[in-house]
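Below: the structure, in C-alpha coordinates.
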Amino acid sequence: MEPSKLFTISDNATFAPGPVINVADKKTFRTCFRILVLSVQAVTLILVIVNLGELVRMINDQGLSNQLSSITDKIRESANMIASAVGVMNQVIHGVTVSLPLQIEGNQNQLLSTLATICTSKKQVSNCSTNIPLVNDLRFINGINKFIIEDYATHDFSIGHPLNMPSFIPTATSPNGCTRIPSFSLGKTHWCYTHNVINANCKDHTSSNQYVSMGILVQTASGYPMFKTLKIQYLSDGLNRKSCSIATVPDGCAMYCYISTQLETDDYAGSSPPTQKLTLLFYNDTVTERTISPSGLEGNWATLVPGVGSGIYFENKLIFPAYGGVLPNSTLGVKSAREFFRPVNPYNPCSGPQQDLDQRALRSYFPSYFSNRRVQSAFLVCAWNQILVTNCELVVPSNNQTLMGAEGRVLLINNRLLYYQRSTSWWPYELLYEISFTFTNSGQSSVNMSWIPIYSFTRPGSGNCSGENVCPTACVSGVYLDPWPLTPYSHQSGINRNFYFTGALLNSSTTRVNPTLYVSALNNLKVLAPYGTQGLFASYTTTTCFQDTGDASVYCVYIMELASNIVGEFQILPVLTRLTIT
(Lines of atoms letter the chains of each structure in order from A and count residues from 1; the text may use other names and numbers.)
(Lines give C-alpha, C1' and ligand atoms only; values in the text may rest on other atoms or scores of the structure.)
Protein backbone atom coordinates (compact mmCIF):
# COMPACT_ATOMS: atom_id res chain seq x y z
CA MET A 1 0.00 0.00 0.00
CA GLU A 2 1.31 3.44 -0.86
CA PRO A 3 2.34 5.63 2.23
CA SER A 4 0.09 8.61 3.08
CA LYS A 5 1.04 11.96 1.73
CA LEU A 6 -0.19 13.65 4.90
CA PHE A 7 1.76 11.64 7.46
CA THR A 8 5.33 10.40 7.49
CA ILE A 9 6.98 8.27 10.13
CA SER A 10 10.38 9.45 11.41
CA ASP A 11 12.90 7.76 13.63
CA ASN A 12 12.32 10.25 16.58
CA ALA A 13 8.62 9.22 16.85
CA THR A 14 7.17 12.53 15.72
CA PHE A 15 4.42 13.19 13.20
CA ALA A 16 4.42 15.83 10.45
CA PRO A 17 3.02 18.25 9.45
CA GLY A 18 2.35 20.30 12.63
CA PRO A 19 4.39 21.45 15.58
CA VAL A 20 6.43 18.97 17.57
CA ILE A 21 5.12 18.26 21.15
CA ASN A 22 7.39 16.66 23.70
CA VAL A 23 6.43 13.96 26.25
CA ALA A 24 6.28 16.28 29.26
CA ASP A 25 3.69 18.50 27.60
CA LYS A 26 1.55 15.39 26.85
CA LYS A 27 1.48 14.38 30.54
CA THR A 28 0.40 17.87 31.58
CA PHE A 29 -2.48 17.79 29.09
CA ARG A 30 -3.71 14.41 30.38
CA THR A 31 -3.70 15.66 33.96
CA CYS A 32 -5.76 18.72 33.05
CA PHE A 33 -8.26 16.57 31.16
CA ARG A 34 -8.74 14.23 34.13
CA ILE A 35 -9.27 17.17 36.50
CA LEU A 36 -11.89 18.57 34.15
CA VAL A 37 -13.78 15.27 33.96
CA LEU A 38 -13.80 14.87 37.74
CA SER A 39 -15.08 18.41 38.12
CA VAL A 40 -17.96 17.76 35.73
CA GLN A 41 -18.87 14.59 37.64
CA ALA A 42 -18.81 16.47 40.93
CA VAL A 43 -21.06 19.19 39.57
CA THR A 44 -23.48 16.55 38.22
CA LEU A 45 -23.59 14.83 41.61
CA ILE A 46 -24.31 18.15 43.33
CA LEU A 47 -27.18 18.85 40.91
CA VAL A 48 -28.66 15.39 41.54
CA ILE A 49 -28.51 15.93 45.30
CA VAL A 50 -30.15 19.32 44.97
CA ASN A 51 -32.94 17.89 42.79
CA LEU A 52 -33.53 15.04 45.24
CA GLY A 53 -33.81 17.50 48.07
CA GLU A 54 -36.32 19.56 46.12
CA LEU A 55 -38.31 16.41 45.32
CA VAL A 56 -38.40 15.46 49.01
CA ARG A 57 -39.58 18.95 49.85
CA MET A 58 -42.35 18.70 47.27
CA ILE A 59 -43.43 15.29 48.59
CA ASN A 60 -43.60 16.72 52.08
CA ASP A 61 -45.78 19.50 50.80
CA GLN A 62 -49.28 19.08 52.34
CA GLY A 63 -51.19 19.24 49.03
CA LEU A 64 -49.20 16.54 47.29
CA SER A 65 -49.23 14.44 50.42
CA ASN A 66 -53.04 14.63 50.51
CA GLN A 67 -53.25 13.61 46.86
CA LEU A 68 -50.98 10.61 47.43
CA SER A 69 -52.99 9.65 50.51
CA SER A 70 -56.24 9.86 48.53
CA ILE A 71 -54.83 7.68 45.76
CA THR A 72 -53.58 5.16 48.32
CA ASP A 73 -56.99 5.00 49.97
CA LYS A 74 -58.69 4.39 46.63
CA ILE A 75 -56.22 1.63 45.80
CA ARG A 76 -56.88 -0.02 49.16
CA GLU A 77 -60.63 0.31 48.67
CA SER A 78 -60.39 -1.29 45.22
CA ALA A 79 -58.22 -4.09 46.60
CA ASN A 80 -60.81 -4.81 49.30
CA MET A 81 -63.60 -4.87 46.71
CA ILE A 82 -61.61 -7.26 44.49
CA ALA A 83 -60.84 -9.52 47.46
CA SER A 84 -64.52 -9.52 48.42
CA ALA A 85 -65.56 -10.36 44.86
CA VAL A 86 -63.01 -13.18 44.65
CA GLY A 87 -64.32 -14.55 47.93
CA VAL A 88 -67.89 -14.52 46.64
CA MET A 89 -66.80 -16.20 43.40
CA ASN A 90 -64.98 -18.91 45.36
CA GLN A 91 -68.12 -19.48 47.44
CA VAL A 92 -70.24 -19.73 44.29
CA ILE A 93 -67.82 -22.18 42.66
CA HIS A 94 -67.71 -24.34 45.80
CA GLY A 95 -71.48 -24.20 46.11
CA VAL A 96 -72.13 -25.18 42.50
CA THR A 97 -69.50 -27.92 42.24
CA VAL A 98 -69.58 -29.40 45.76
CA SER A 99 -72.32 -28.25 48.12
CA LEU A 100 -75.25 -28.07 45.70
CA PRO A 101 -74.81 -31.58 44.20
CA LEU A 102 -74.49 -33.04 47.69
CA GLN A 103 -77.56 -31.13 48.84
CA ILE A 104 -79.57 -32.24 45.81
CA GLU A 105 -78.57 -35.85 46.35
CA GLY A 106 -79.41 -35.56 50.04
CA ASN A 107 -82.80 -34.02 49.26
CA GLN A 108 -83.48 -36.74 46.70
CA ASN A 109 -82.65 -39.45 49.22
CA GLN A 110 -84.79 -37.74 51.86
CA LEU A 111 -87.68 -37.46 49.42
CA LEU A 112 -87.43 -41.14 48.54
CA SER A 113 -87.30 -41.99 52.23
CA THR A 114 -90.33 -39.80 52.94
CA LEU A 115 -92.27 -41.44 50.12
CA ALA A 116 -91.41 -44.83 51.51
CA THR A 117 -92.66 -43.72 54.93
CA ILE A 118 -95.93 -42.03 53.98
CA CYS A 119 -96.84 -44.45 51.20
CA THR A 120 -98.22 -47.08 53.56
CA SER A 121 -101.46 -48.98 53.50
CA LYS A 122 -103.86 -50.62 55.85
CA LYS A 123 -106.44 -53.26 55.07
CA GLN A 124 -109.22 -50.80 54.22
CA VAL A 125 -107.41 -47.49 53.65
CA SER A 126 -104.52 -46.76 51.30
CA ASN A 127 -102.96 -43.41 50.60
CA CYS A 128 -101.01 -44.68 47.58
CA SER A 129 -101.88 -46.23 44.25
CA THR A 130 -100.09 -49.40 45.30
CA ASN A 131 -99.52 -51.07 48.63
CA ILE A 132 -95.73 -50.75 48.71
CA PRO A 133 -93.79 -47.93 47.03
CA LEU A 134 -91.23 -48.81 44.39
CA VAL A 135 -88.34 -47.42 46.44
CA ASN A 136 -85.27 -49.24 47.76
CA ASP A 137 -84.45 -49.09 51.45
CA LEU A 138 -82.77 -45.78 52.31
CA ARG A 139 -79.67 -47.66 53.49
CA PHE A 140 -78.97 -48.77 49.93
CA ILE A 141 -80.16 -45.87 47.77
CA ASN A 142 -76.90 -43.92 47.90
CA GLY A 143 -74.74 -47.03 47.52
CA ILE A 144 -76.14 -48.18 44.17
CA ASN A 145 -74.21 -47.73 40.92
CA LYS A 146 -71.29 -46.18 42.78
CA PHE A 147 -67.63 -47.17 42.71
CA ILE A 148 -67.00 -48.96 46.00
CA ILE A 149 -63.36 -47.85 46.08
CA GLU A 150 -62.58 -44.27 45.07
CA ASP A 151 -58.81 -44.29 45.56
CA TYR A 152 -56.11 -46.04 43.56
CA ALA A 153 -54.38 -47.64 46.54
CA THR A 154 -53.62 -51.33 46.87
CA HIS A 155 -56.36 -53.32 48.62
CA ASP A 156 -57.00 -56.86 49.80
CA PHE A 157 -60.35 -58.63 49.53
CA SER A 158 -62.29 -61.54 50.93
CA ILE A 159 -65.55 -63.00 49.63
CA GLY A 160 -67.93 -64.13 52.37
CA HIS A 161 -70.03 -67.27 52.37
CA PRO A 162 -73.27 -67.06 50.37
CA LEU A 163 -76.03 -65.49 52.43
CA ASN A 164 -79.23 -67.42 52.93
CA MET A 165 -82.07 -65.44 51.37
CA PRO A 166 -85.22 -66.21 49.37
CA SER A 167 -84.44 -66.38 45.67
CA PHE A 168 -86.19 -63.77 43.55
CA ILE A 169 -85.65 -65.97 40.47
CA PRO A 170 -88.11 -68.85 39.89
CA THR A 171 -86.85 -72.15 38.49
CA ALA A 172 -88.30 -74.50 35.92
CA THR A 173 -90.97 -76.82 37.29
CA SER A 174 -90.55 -79.86 35.05
CA PRO A 175 -87.60 -82.06 34.02
CA ASN A 176 -87.98 -80.85 30.43
CA GLY A 177 -88.24 -77.18 31.34
CA CYS A 178 -85.49 -74.67 30.74
CA THR A 179 -84.85 -71.20 32.17
CA ARG A 180 -81.98 -69.34 30.54
CA ILE A 181 -80.43 -65.96 29.66
CA PRO A 182 -80.81 -63.90 32.86
CA SER A 183 -80.67 -60.10 32.60
CA PHE A 184 -80.60 -57.94 35.74
CA SER A 185 -80.57 -54.18 36.30
CA LEU A 186 -80.34 -52.43 39.68
CA GLY A 187 -81.36 -48.78 39.77
CA LYS A 188 -81.41 -46.25 42.57
CA THR A 189 -85.10 -46.79 43.30
CA HIS A 190 -85.73 -50.40 42.24
CA TRP A 191 -84.47 -53.41 40.32
CA CYS A 192 -85.66 -55.24 37.18
CA TYR A 193 -85.06 -58.83 36.13
CA THR A 194 -85.95 -61.11 33.21
CA HIS A 195 -85.17 -64.55 31.81
CA ASN A 196 -86.43 -66.79 29.03
CA VAL A 197 -88.65 -69.79 29.83
CA ILE A 198 -88.15 -72.27 26.98
CA ASN A 199 -90.89 -74.83 26.51
CA ALA A 200 -88.89 -77.60 24.83
CA ASN A 201 -85.64 -78.21 26.69
CA CYS A 202 -83.19 -75.38 25.87
CA LYS A 203 -83.84 -75.00 22.14
CA ASP A 204 -84.63 -71.30 22.15
CA HIS A 205 -85.69 -71.14 18.48
CA THR A 206 -88.88 -73.09 19.09
CA SER A 207 -91.36 -71.74 21.64
CA SER A 208 -90.81 -69.75 24.81
CA ASN A 209 -92.29 -67.27 27.29
CA GLN A 210 -90.63 -64.36 29.04
CA TYR A 211 -90.55 -63.87 32.82
CA VAL A 212 -90.18 -60.25 34.01
CA SER A 213 -90.13 -58.97 37.59
CA MET A 214 -89.41 -55.76 39.46
CA GLY A 215 -88.81 -55.10 43.12
CA ILE A 216 -86.81 -53.30 45.77
CA LEU A 217 -83.91 -53.87 48.14
CA VAL A 218 -84.97 -54.20 51.77
CA GLN A 219 -83.02 -54.94 54.93
CA THR A 220 -83.72 -58.18 56.76
CA ALA A 221 -83.68 -58.68 60.51
CA SER A 222 -80.27 -60.30 60.07
CA GLY A 223 -78.94 -56.99 58.77
CA TYR A 224 -78.20 -57.99 55.19
CA PRO A 225 -80.26 -57.06 52.10
CA MET A 226 -83.00 -59.02 50.38
CA PHE A 227 -84.42 -58.64 46.88
CA LYS A 228 -88.14 -58.19 47.47
CA THR A 229 -90.29 -58.88 44.40
CA LEU A 230 -93.23 -56.49 44.03
CA LYS A 231 -94.48 -57.10 40.48
CA ILE A 232 -94.35 -60.00 38.04
CA GLN A 233 -95.29 -60.12 34.36
CA TYR A 234 -95.31 -63.40 32.48
CA LEU A 235 -95.39 -62.70 28.75
CA SER A 236 -97.06 -65.75 27.23
CA ASP A 237 -98.57 -64.51 24.00
CA GLY A 238 -97.12 -66.86 21.40
CA LEU A 239 -94.16 -64.62 20.55
CA ASN A 240 -90.79 -66.34 20.80
CA ARG A 241 -88.74 -63.55 22.40
CA LYS A 242 -85.00 -64.16 22.45
CA SER A 243 -81.85 -62.64 24.00
CA CYS A 244 -83.81 -60.05 25.98
CA SER A 245 -82.01 -57.18 27.75
CA ILE A 246 -83.59 -55.38 30.73
CA ALA A 247 -83.14 -51.84 32.13
CA THR A 248 -84.61 -49.96 35.09
CA VAL A 249 -86.50 -46.84 34.02
CA PRO A 250 -88.64 -44.36 35.98
CA ASP A 251 -91.53 -46.29 37.59
CA GLY A 252 -90.78 -49.56 35.87
CA CYS A 253 -88.70 -51.63 33.47
CA ALA A 254 -87.83 -51.50 29.78
CA MET A 255 -87.01 -54.67 27.88
CA TYR A 256 -85.46 -55.09 24.43
CA CYS A 257 -85.95 -58.43 22.62
CA TYR A 258 -86.03 -59.84 19.11
CA ILE A 259 -88.53 -62.32 17.71
CA SER A 260 -87.39 -65.39 15.82
CA THR A 261 -88.44 -69.01 15.31
CA GLN A 262 -85.41 -70.12 13.34
CA LEU A 263 -81.84 -71.02 14.19
CA GLU A 264 -79.40 -68.21 14.92
CA THR A 265 -77.27 -69.29 11.95
CA ASP A 266 -80.30 -68.92 9.66
CA ASP A 267 -80.85 -65.38 10.95
CA TYR A 268 -77.30 -64.47 9.87
CA ALA A 269 -77.73 -66.14 6.49
CA GLY A 270 -80.79 -64.04 5.68
CA SER A 271 -80.95 -60.51 4.30
CA SER A 272 -83.72 -58.95 6.39
CA PRO A 273 -83.39 -58.48 10.17
CA PRO A 274 -85.90 -60.17 12.48
CA THR A 275 -88.59 -58.23 14.34
CA GLN A 276 -87.29 -55.95 17.10
CA LYS A 277 -89.49 -55.46 20.19
CA LEU A 278 -89.34 -52.80 22.90
CA THR A 279 -91.51 -53.56 25.94
CA LEU A 280 -92.31 -51.09 28.74
CA LEU A 281 -93.62 -52.56 32.00
CA PHE A 282 -94.67 -50.10 34.69
CA TYR A 283 -95.41 -50.52 38.38
CA ASN A 284 -99.09 -49.68 37.85
CA ASP A 285 -99.40 -52.89 35.76
CA THR A 286 -99.35 -51.05 32.43
CA VAL A 287 -97.57 -52.99 29.69
CA THR A 288 -96.78 -51.34 26.36
CA GLU A 289 -94.98 -53.21 23.60
CA ARG A 290 -93.99 -51.85 20.22
CA THR A 291 -92.20 -53.12 17.16
CA ILE A 292 -89.28 -50.83 16.46
CA SER A 293 -87.22 -50.17 13.36
CA PRO A 294 -84.28 -48.06 14.53
CA SER A 295 -82.53 -45.84 12.03
CA GLY A 296 -79.62 -47.60 10.36
CA LEU A 297 -81.16 -51.08 10.65
CA GLU A 298 -82.82 -51.79 7.31
CA GLY A 299 -80.43 -52.30 4.42
CA ASN A 300 -77.37 -52.65 6.68
CA TRP A 301 -78.05 -55.65 8.91
CA ALA A 302 -78.89 -59.27 8.12
CA THR A 303 -79.78 -59.74 11.79
CA LEU A 304 -79.70 -57.68 14.97
CA VAL A 305 -79.70 -59.27 18.43
CA PRO A 306 -80.05 -57.65 21.89
CA GLY A 307 -76.93 -58.02 24.01
CA VAL A 308 -78.57 -60.04 26.84
CA GLY A 309 -76.79 -57.96 29.50
CA SER A 310 -78.68 -55.05 31.02
CA GLY A 311 -79.06 -51.61 29.50
CA ILE A 312 -79.23 -48.22 31.20
CA TYR A 313 -81.36 -45.09 31.53
CA PHE A 314 -78.93 -42.19 30.99
CA GLU A 315 -79.44 -38.48 30.26
CA ASN A 316 -83.07 -39.04 29.29
CA LYS A 317 -82.09 -41.82 26.91
CA LEU A 318 -82.52 -45.57 26.97
CA ILE A 319 -79.36 -47.43 25.88
CA PHE A 320 -79.18 -51.18 25.22
CA PRO A 321 -76.28 -53.35 24.00
CA ALA A 322 -76.77 -55.12 20.66
CA TYR A 323 -74.84 -57.02 17.99
CA GLY A 324 -75.49 -58.81 14.72
CA GLY A 325 -74.48 -59.53 11.15
CA VAL A 326 -73.77 -56.72 8.68
CA LEU A 327 -74.59 -57.11 4.98
CA PRO A 328 -71.32 -56.98 2.98
CA ASN A 329 -72.39 -54.51 0.27
CA SER A 330 -74.35 -52.21 2.56
CA THR A 331 -73.26 -48.70 3.51
CA LEU A 332 -72.14 -49.94 6.93
CA GLY A 333 -70.47 -53.00 5.46
CA VAL A 334 -68.41 -50.98 2.98
CA LYS A 335 -67.49 -48.38 5.60
CA SER A 336 -66.16 -50.96 8.06
CA ALA A 337 -64.67 -53.38 5.53
CA ARG A 338 -61.02 -52.83 6.56
CA GLU A 339 -61.54 -52.08 10.26
CA PHE A 340 -60.15 -54.38 12.93
CA PHE A 341 -58.82 -54.27 16.50
CA ARG A 342 -56.00 -56.55 17.62
CA PRO A 343 -55.18 -56.28 21.33
CA VAL A 344 -51.91 -57.75 22.57
CA ASN A 345 -51.06 -59.24 25.94
CA PRO A 346 -47.51 -57.99 26.64
CA TYR A 347 -47.00 -60.83 29.14
CA ASN A 348 -48.02 -63.51 26.61
CA PRO A 349 -47.78 -62.11 23.07
CA CYS A 350 -48.61 -63.95 19.88
CA SER A 351 -45.56 -64.51 17.68
CA GLY A 352 -45.49 -64.05 13.92
CA PRO A 353 -45.20 -61.36 11.23
CA GLN A 354 -47.27 -58.33 12.17
CA GLN A 355 -48.86 -58.06 8.73
CA ASP A 356 -49.98 -61.68 8.90
CA LEU A 357 -51.41 -61.21 12.40
CA ASP A 358 -53.30 -58.12 11.25
CA GLN A 359 -54.82 -60.00 8.31
CA ARG A 360 -55.89 -62.82 10.60
CA ALA A 361 -57.40 -60.31 13.03
CA LEU A 362 -59.42 -58.74 10.19
CA ARG A 363 -60.69 -62.14 9.01
CA SER A 364 -61.82 -62.99 12.55
CA TYR A 365 -64.76 -60.58 12.14
CA PHE A 366 -66.19 -62.77 9.34
CA PRO A 367 -66.70 -66.28 10.80
CA SER A 368 -67.99 -68.90 8.37
CA TYR A 369 -70.35 -70.12 11.12
CA PHE A 370 -72.35 -66.93 10.57
CA SER A 371 -72.29 -67.06 6.75
CA ASN A 372 -69.17 -64.88 6.59
CA ARG A 373 -71.14 -61.83 7.73
CA ARG A 374 -69.19 -59.19 9.59
CA VAL A 375 -70.31 -59.65 13.20
CA GLN A 376 -70.63 -56.16 14.64
CA SER A 377 -71.43 -54.67 18.05
CA ALA A 378 -73.86 -51.76 18.34
CA PHE A 379 -76.00 -49.78 20.79
CA LEU A 380 -79.74 -49.23 20.57
CA VAL A 381 -80.41 -45.65 21.73
CA CYS A 382 -83.98 -44.42 22.29
CA ALA A 383 -85.07 -40.93 23.39
CA TRP A 384 -87.12 -41.42 26.55
CA ASN A 385 -89.39 -38.43 25.94
CA GLN A 386 -90.40 -40.05 22.64
CA ILE A 387 -90.40 -43.64 23.85
CA LEU A 388 -94.06 -44.21 22.98
CA VAL A 389 -93.31 -43.41 19.34
CA THR A 390 -90.08 -45.44 19.57
CA ASN A 391 -87.70 -42.88 18.13
CA CYS A 392 -84.59 -45.09 18.29
CA GLU A 393 -81.29 -45.24 16.43
CA LEU A 394 -78.41 -47.67 16.13
CA VAL A 395 -75.07 -46.23 17.22
CA VAL A 396 -72.24 -48.34 15.83
CA PRO A 397 -68.69 -48.23 17.28
CA SER A 398 -65.65 -48.44 15.06
CA ASN A 399 -64.17 -51.92 14.71
CA ASN A 400 -60.80 -50.24 15.10
CA GLN A 401 -61.77 -49.96 18.79
CA THR A 402 -63.70 -53.20 19.45
CA LEU A 403 -63.39 -56.89 18.72
CA MET A 404 -65.92 -58.98 16.82
CA GLY A 405 -69.50 -58.22 17.86
CA ALA A 406 -70.94 -60.24 20.72
CA GLU A 407 -73.31 -60.20 23.66
CA GLY A 408 -72.66 -57.40 26.12
CA ARG A 409 -73.79 -55.15 28.95
CA VAL A 410 -73.86 -51.37 29.43
CA LEU A 411 -72.95 -50.13 32.92
CA LEU A 412 -73.44 -46.69 34.46
CA ILE A 413 -71.29 -46.22 37.58
CA ASN A 414 -70.59 -42.79 39.11
CA ASN A 415 -71.97 -41.29 35.90
CA ARG A 416 -69.28 -43.09 33.89
CA LEU A 417 -70.28 -45.44 31.08
CA LEU A 418 -68.66 -48.85 30.63
CA TYR A 419 -69.34 -51.67 28.20
CA TYR A 420 -68.69 -55.36 28.71
CA GLN A 421 -68.31 -57.42 25.53
CA ARG A 422 -68.36 -61.20 25.59
CA SER A 423 -65.09 -62.75 24.40
CA THR A 424 -66.77 -64.72 21.62
CA SER A 425 -63.92 -64.42 19.14
CA TRP A 426 -60.23 -65.37 19.55
CA TRP A 427 -59.33 -63.00 22.42
CA PRO A 428 -59.69 -65.10 25.63
CA TYR A 429 -59.59 -62.40 28.32
CA GLU A 430 -62.35 -60.24 29.81
CA LEU A 431 -63.33 -57.39 27.48
CA LEU A 432 -64.25 -54.12 29.17
CA TYR A 433 -64.34 -50.65 27.62
CA GLU A 434 -64.95 -47.11 28.79
CA ILE A 435 -67.41 -45.51 26.38
CA SER A 436 -68.65 -42.01 25.63
CA PHE A 437 -71.51 -41.00 23.34
CA THR A 438 -71.89 -37.90 21.21
CA PHE A 439 -75.59 -37.38 20.62
CA THR A 440 -76.85 -35.10 17.84
CA ASN A 441 -80.29 -33.64 17.23
CA SER A 442 -79.92 -34.33 13.54
CA GLY A 443 -77.66 -36.83 11.85
CA GLN A 444 -75.90 -39.89 13.19
CA SER A 445 -74.82 -40.08 16.83
CA SER A 446 -71.44 -41.64 17.59
CA VAL A 447 -69.68 -43.56 20.35
CA ASN A 448 -66.01 -43.72 21.33
CA MET A 449 -64.61 -46.91 22.89
CA SER A 450 -61.52 -47.08 25.09
CA TRP A 451 -60.32 -50.62 25.85
CA ILE A 452 -59.29 -51.48 29.42
CA PRO A 453 -56.38 -53.98 29.21
CA ILE A 454 -57.27 -57.00 31.39
CA TYR A 455 -55.09 -60.13 31.36
CA SER A 456 -55.88 -61.77 34.71
CA PHE A 457 -57.89 -64.81 33.55
CA THR A 458 -59.45 -66.39 30.46
CA ARG A 459 -62.85 -67.80 29.55
CA PRO A 460 -63.34 -71.38 28.33
CA GLY A 461 -63.43 -71.88 24.58
CA SER A 462 -63.45 -74.66 22.04
CA GLY A 463 -61.14 -75.70 19.22
CA ASN A 464 -58.60 -73.08 18.21
CA CYS A 465 -60.25 -70.59 20.56
CA SER A 466 -59.60 -72.20 23.92
CA GLY A 467 -58.63 -70.08 26.88
CA GLU A 468 -54.97 -70.69 26.08
CA ASN A 469 -55.09 -69.17 22.59
CA VAL A 470 -53.86 -65.57 22.22
CA CYS A 471 -53.49 -65.43 18.43
CA PRO A 472 -56.07 -64.06 15.96
CA THR A 473 -58.28 -66.62 14.25
CA ALA A 474 -61.90 -66.84 13.11
CA CYS A 475 -64.16 -68.60 15.60
CA VAL A 476 -67.38 -68.38 17.61
CA SER A 477 -66.85 -69.54 21.17
CA GLY A 478 -66.58 -68.33 24.76
CA VAL A 479 -69.34 -67.61 27.26
CA TYR A 480 -71.04 -64.55 28.77
CA LEU A 481 -69.29 -63.60 32.08
CA ASP A 482 -69.77 -59.92 32.82
CA PRO A 483 -67.67 -58.20 35.55
CA TRP A 484 -68.58 -55.43 38.00
CA PRO A 485 -65.90 -52.69 38.35
CA LEU A 486 -65.16 -51.78 41.98
CA THR A 487 -62.88 -48.84 41.14
CA PRO A 488 -62.73 -46.27 38.35
CA TYR A 489 -60.20 -46.97 35.64
CA SER A 490 -57.54 -44.32 35.11
CA HIS A 491 -55.40 -43.86 32.02
CA GLN A 492 -52.75 -42.17 34.16
CA SER A 493 -49.51 -44.12 34.08
CA GLY A 494 -48.55 -46.14 37.12
CA ILE A 495 -51.89 -46.57 38.90
CA ASN A 496 -53.88 -48.80 36.55
CA ARG A 497 -52.67 -51.95 38.30
CA ASN A 498 -55.01 -51.03 41.17
CA PHE A 499 -58.12 -51.25 39.03
CA TYR A 500 -60.30 -53.90 40.68
CA PHE A 501 -63.41 -55.76 39.54
CA THR A 502 -65.41 -58.80 40.61
CA GLY A 503 -67.60 -61.43 39.00
CA ALA A 504 -68.10 -65.16 38.49
CA LEU A 505 -65.81 -67.01 36.07
CA LEU A 506 -65.69 -70.59 34.80
CA ASN A 507 -62.37 -72.06 35.88
CA SER A 508 -61.46 -74.05 32.78
CA SER A 509 -59.84 -73.24 29.46
CA THR A 510 -62.05 -75.54 27.36
CA THR A 511 -65.24 -76.50 29.23
CA ARG A 512 -68.06 -74.58 30.91
CA VAL A 513 -67.44 -75.95 34.38
CA ASN A 514 -66.28 -74.87 37.85
CA PRO A 515 -68.15 -71.62 38.56
CA THR A 516 -65.93 -69.48 40.77
CA LEU A 517 -66.46 -66.11 42.42
CA TYR A 518 -63.46 -63.81 42.14
CA VAL A 519 -61.97 -60.39 42.72
CA SER A 520 -59.35 -59.36 40.18
CA ALA A 521 -56.85 -56.68 39.31
CA LEU A 522 -55.79 -56.00 35.73
CA ASN A 523 -53.05 -58.63 35.63
CA ASN A 524 -53.77 -61.01 38.47
CA LEU A 525 -56.60 -62.58 40.43
CA LYS A 526 -56.81 -61.38 44.04
CA VAL A 527 -59.38 -63.84 45.43
CA LEU A 528 -60.99 -67.06 44.18
CA ALA A 529 -64.03 -68.64 45.84
CA PRO A 530 -65.25 -71.81 44.05
CA TYR A 531 -69.01 -72.39 44.11
CA GLY A 532 -70.42 -75.88 44.25
CA THR A 533 -68.62 -79.13 43.57
CA GLN A 534 -65.65 -79.62 41.27
CA GLY A 535 -66.81 -80.15 37.68
CA LEU A 536 -70.19 -78.46 38.18
CA PHE A 537 -71.51 -77.45 34.76
CA ALA A 538 -72.45 -73.75 34.43
CA SER A 539 -72.93 -71.09 31.80
CA TYR A 540 -73.83 -67.37 31.81
CA THR A 541 -73.07 -65.21 34.85
CA THR A 542 -73.91 -61.57 35.59
CA THR A 543 -72.72 -59.59 38.62
CA THR A 544 -73.91 -56.44 40.41
CA CYS A 545 -72.47 -54.87 43.58
CA PHE A 546 -73.82 -52.19 45.91
CA GLN A 547 -73.15 -50.75 49.36
CA ASP A 548 -75.13 -50.42 52.57
CA THR A 549 -74.27 -46.82 53.45
CA GLY A 550 -75.61 -47.36 56.96
CA ASP A 551 -72.68 -49.55 58.01
CA ALA A 552 -70.50 -49.37 54.83
CA SER A 553 -70.99 -53.07 54.10
CA VAL A 554 -70.45 -54.11 50.47
CA TYR A 555 -72.65 -56.77 48.87
CA CYS A 556 -72.49 -58.46 45.48
CA VAL A 557 -75.12 -60.61 43.81
CA TYR A 558 -73.69 -63.15 41.36
CA ILE A 559 -76.49 -64.49 39.14
CA MET A 560 -75.36 -67.79 37.59
CA GLU A 561 -76.78 -70.43 35.26
CA LEU A 562 -76.02 -73.70 37.04
CA ALA A 563 -76.66 -77.26 35.91
CA SER A 564 -79.72 -78.91 37.43
CA ASN A 565 -80.30 -82.65 37.65
CA ILE A 566 -83.84 -82.25 38.93
CA VAL A 567 -85.72 -79.54 37.02
CA GLY A 568 -84.51 -78.61 33.58
CA GLU A 569 -81.03 -78.30 32.17
CA PHE A 570 -80.26 -75.08 34.06
CA GLN A 571 -81.28 -73.41 37.27
CA ILE A 572 -80.64 -69.65 37.50
CA LEU A 573 -79.39 -68.88 40.99
CA PRO A 574 -78.70 -65.48 42.62
CA VAL A 575 -75.78 -65.84 45.04
CA LEU A 576 -75.55 -62.93 47.50
CA THR A 577 -72.27 -62.46 49.36
CA ARG A 578 -70.61 -59.82 51.48
CA LEU A 579 -67.36 -58.44 50.08
CA THR A 580 -64.77 -57.34 52.65
CA ILE A 581 -62.20 -54.77 51.52
CA THR A 582 -59.07 -53.88 53.50
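Each Cβ is built from the backbone N, Cα and C atoms, and glycine gets one as well.
Given the structure is predicted, the values throughout are model-derived calculations rather than measurements.
The transmembrane segment annotation in Swiss-Prot covers 35-55. For Cys178-Cys202, Cys192-Cys253, Cys244-Cys257, Cys350-Cys471, Cys382-Cys392, Cys465-Cys475, Cys545-Cys556, the entry in Swiss-Prot reads disulfide bond. Swiss-Prot lists Arg180, Lys242, Glu264, Tyr323, Tyr369, Glu407, Arg422, Arg512, Tyr540 with the feature site 'Binding to the glycan motifs of the host receptor', giving similarity to another entry as the kind of evidence. Marked as N-linked glycosylation site by Swiss-Prot: Asn284, Asn329, Asn400, Asn448, Asn507.
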Query raised in the report: How long is the line from the C-alpha of Cys465 (disulfide bond) to the C-alpha of Cys471 (disulfide bond), rounded to the nearest angstrom?
Result: 9
Report summary line: Rounded to a whole number of Å, the separation of the Cα atoms of Cys556 (disulfide bond) and Cys253 (disulfide bond) comes to 21
Query raised in the report: Since the record lists Cys257, Cys382 as disulfide-bonded residues, which of them has the fewest other Cβ atoms within 10 Å of its Cβ?
Result: Cys382
Query raised in the report: Compared by Cα position, which of the recorded positions Cys192, Cys202, Cys392, Arg422, Cys471 is the closest one to Tyr540 (site 'Binding to the glycan motifs of the host receptor')?
Result: Arg422
Query raised in the report: What number of additional C-beta atoms lies within 10 angstroms of the C-beta atom of Cys465 (disulfide bond)?
Result: 25
Query raised in the report: In the structure shown, which of the recorded sites Glu264, Glu407 has the fewest Cβ neighbours within 10 Å?
Result: Glu264
Query raised in the report: If you skip the near sequence neighbours and keep only those at least six away, which residues in the chain come within under 8 angstroms of Cys244 (disulfide bond), Cβ to Cβ?
Result: Ile181, Ser183, Thr194, Asn196, Gln210, Met255, Tyr256, Cys257, Pro306, Val308
Report task. Could you state the whole-number distance in Å separating the C-alpha atoms of Cys202 (disulfide bond) and Arg180 (site 'Binding to the glycan motifs of the host receptor')? Result -> 8
Report summary line: argmin Cα dist to Asn507 (N-linked glycosylation site) over the recorded positions Cys382, Arg422, Cys471, Cys475 returns Arg422
Query raised in the report: Closest to Tyr323 (site 'Binding to the glycan motifs of the host receptor'): which of the recorded positions Asn329, Cys382, Arg422, Cys471, going by Cα position?
Result: Arg422
Query - For Cys392 (disulfide bond), the one of Asn400, Glu407, Cys545 that lies nearest, given that the recorded positions are compared by Cα - result: Glu407
Query - Secondary structure at Cys202 (disulfide bond), reduced by DSSP to three states - result: coil
Report summary line: Across all protein chains shown, the one of the recorded sites Arg180, Lys242, Arg422, Arg512 with the most other Cβ atoms within 10 Å of its Cβ is Arg422
